[in-house]
């Protein structure tokens, strides 16, 4: 049995009350003013979230905290939120609307001086953003704007839900390691920074199989010139990189190089 609508928690949508539609727009079609105001307000909320995540990233990069991978994680998330805000601005322009600039408030994250509190703060912020997008989705349906509803559901609600799941996993591991909540650098913070896969953003991922195959094909072409230019290391580096990252290339080049290196 579905839950009654009156019992569902609702959050006040941060709609821009001072927003004014463009009078001379010719591409505007089936774009209600209430939806445009909601998009403008949620865009400002995304920018504020990006500012908060950037502040957390800069905090963990300080010398007395020294959690570089955690810092990179929050800075990367801040960049993604800023890109999401830019995508909302672009969508408003495509529909014939616009984003009115708003003063971004200073992030209230001074109390998040420990890894545990920082993760909890980020999770709460993302849950709030999901509620904003859900209300904006419902507002689009009520005002007969299915295009905005479909865009919000596919491009914004889904990624935010995956981020909430990610933060839940990180909080579970942080509780297992007894990470700090009062700013004292504990051993659990160090283990989270060094061993947690989501925080190790500085490690380059493995090359896809198609890129590895292209690298192997690129090695075949300069084989004739390799005897004349013994000092060149470009092709050799590409071959070793392909064999090291993915030995199981389609054409077997990685295996041949590996056997050649063993022969040396």
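Indices start at 1 and increase along the chain as displayed.
Using the three backbone atoms N, Cα and C, a Cβ is placed for every residue, glycine included.
These numbers come from a predicted model, not from an experiment.
Annotated in TrEMBL:
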BINDING   81  Fe cation binding site
DOMAIN    29-178  domain 'Ferritin-like diiron'
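Residue environment of residue 81 (Fe cation binding site) contains 25 other Cβ atoms, counted within 10 Å of its Cβ in all protein chains. Residue counts of the domain 'Ferritin-like diiron' (29-178) by helix, strand and coil are 114 helix, 0 strand, 36 coil (DSSP-based).
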